[in-house]
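*Asks:* Please find one structure pasted underneath; my questions will follow.
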Amino acid sequence: SVGFKAGVKDYKLTYYTPDYETKDTDILAAFRVTPQPGVPPEEAGAAVAAESSTGTWTTVWTDGLTSLDRYKGRCYHIEPVAGEENQFIAYVAYPLDLFEEGSVTNMFTSIVGNVFGFKALRALRLEDLRIPNAYVKTFQGPPHGIQVERDKLNKYGRPLLGCTIKPKLGLSAKNYGRAVYECLRGGLDFTKDDENVNSQPFMRWRDRFLFCAEALYKAQAETGEIKGHYLNATAGTCEEMIKRAVFARELGVPIVMHDYLTGGFTANTSLAHYCRDNGLLLHIHRAMHAVIDRQKNHGMHFRVLAKALRLSGGDHIHSGTVVGKLEGEREITLGFVDLLRDDFVEKDRSRGIYFTQDWVSLPGVLPVASGGIHVWHMPALTEIFGDDSVLQFGGGTLGHPWGNAPGAVANRVALEACVQARNEGRDLASEGNQIIREASKWSPELAAACEVWKE
């Protein structure tokens, strides 16, 4: 076309391209779009593609200085959501050149930036992303990954056990260290700083790090097993965060922790790089995730946040428990658990996986099941999550009537019983309660725990 035609034109003329063949290098996104009444789905889908890539609300003459065809996002497919009125899944393809290499921050600023406040949409949710091989390869990913972690800890063939130290706020460093020691001495692999524990007036970070390290070495010497405590390095500035990680390294501990959403992806990626360079494992907590992922029609699904974390870097991440929830949620949760652990995951809509994802040998992340679980859940957890997971019992350890160490013993005995039963070919789903009962006959600690938390 000759000259430049000013004015507002429909997005769908430029950004809705149903004939587009997606490239292997494109980043693909699946959005759940709820248009305002009267807005056709094609226009809404095209608007999403435009606003999250090259588009603006009106035609600008500087468009003529670049090749939109090369840089624009394209809405290439739209399908109605079954059982929902006026909801659509819009598939958008983004050219790889729109994104800075190795930056989750930049990827999100584009894909889930301003577009979520867009007037023509009543609501918008990012359900899934396909990260192309070429982009995955620009990320370091998890500092160590599942296999290296097992080798460092010398623990194989079973899930790992953790416990969050409670009360989360108010303990002095010395008493906190004592609780850590008792749990590790009883048989847990890890204890954990609560995500809110950073460096408050009642317990400064350096004191906590010191007493936790002492507890850890004492428990290690007495049990002959390698122990860890997730020292929370999250801080108000990146510099302070790295300072804490450096001190953890100087103490010689195996693992530190970070709140990746409140801390931010830039801070998280910096910490992940430090951890790989210095041999520290990195435990990731997902505080704030529900702000983003809880609404069914707006925000982002957790599987997207999980993929982003695997790119940014973390060796463990909290990912829900599944136990006692609805069947459907179990499939969906297992979907993103596989996305965290496996090298290659096939598209499977029944599990909420919209795209086939190839991680091209990026290390895997251990999913952490945490929150409201106790010994009676152990068979189900072992069956659902398998060996490559961390099972975290906070109250389920510290709430034991005889104290922390017996609580830890109960959990370890229950876990070992479940793993042994599984290896003998028994069905944990149907025989779980019986397996726990049998084990509690020779473990008074487990028997007491079974009594407190009736099945």
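For all residues, glycine too, the Cβ spot is worked out from N, Cα and C.
These figures come from a predicted structure and were not determined experimentally.
Summarising the annotation, Swiss-Prot assigns N6,N6,N6-trimethyllysine to LYS5 and lists sequence analysis as the type of evidence. As annotated by Swiss-Prot, substrate binding site applies to ASN114, THR164, LYS168, ARG286, HIS318, SER370. Swiss-Prot lists LYS192, ASP194, GLU195 with the feature Mg(2+) binding site, giving sequence analysis as the kind of evidence. Among the features that Swiss-Prot reports, site 'Transition state stabilizer' is placed at LYS325.
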*Asks:* LYS192 (Mg(2+) binding site): which of the binding-site residues THR164, LYS168, ARG286, SER370 is the nearest Cα neighbour?
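*Replies:* Nearest in space to LYS192 (Mg(2+) binding site), counting only the binding-site residues, is THR164.
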*Asks:* Could you check what DSSP calls HIS318 (substrate binding site) once collapsed to helix, strand or coil?
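*Replies:* SS state of HIS318 (substrate binding site) = strand.
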*Asks:* Nearest to LYS5 (N6,N6,N6-trimethyllysine) by Cα, among ASN114, THR164, LYS168, ASP194, GLU195 (binding-site residues)?
*Replies:* ASN114
*Asks:* Which binding-site residues are spatial neighbours of ASP194 (Mg(2+) binding site) here, meaning Cα within 10 Å, out of LYS168, ARG286, SER370?
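*Replies:* Correct set: LYS168.
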*Asks:* Out of LYS5, LYS168, ARG286, give me whichever of these recorded positions has the highest number of other Cβ atoms within 10 Å.
*Replies:* ARG286
*Asks:* Between HIS318 (substrate binding site) and GLU195 (Mg(2+) binding site), how many Å separate their Cα atoms?
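*Replies:* About 11 Å separate the Cα atoms of these two residues.
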*Asks:* Can you tell which of the binding-site residues (ASN114, THR164, SER370) has the fewest other C-beta atoms within 10 angstroms of its C-beta?
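*Replies:* Result for the binding-site residues ASN114, THR164, SER370: minimum number of other Cβ atoms within 10 Å at ASN114.
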*Asks:* For GLU195 (Mg(2+) binding site), just count the other CB atoms lying within 10 A of its CB, please.
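*Replies:* Around the Cβ of GLU195 (Mg(2+) binding site), 20 other Cβ atoms lie within 10 Å.
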*Asks:* Residues other than LYS192, ASP194, GLU195 within 8 Å, Cβ to Cβ centroid, of the Mg(2+) site?
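*Replies:* In sequence order, the nearby non-listed residues are THR164, ILE165, LYS168, ASP193, ASN196, VAL197, TYR230, ASN232, MET257, HIS285.
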*Asks:* How many Å separate the Cα atoms of LYS168 (substrate binding site) and GLU195 (Mg(2+) binding site)?
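*Replies:* A Cα-Cα distance of 9 Å.
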*Asks:* Select one residue from LYS192, HIS318: among these binding-site residues, choose the one with the most other Cβ atoms within 10 Å of its Cβ.
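*Replies:* Result for the most crowded candidate: LYS192.
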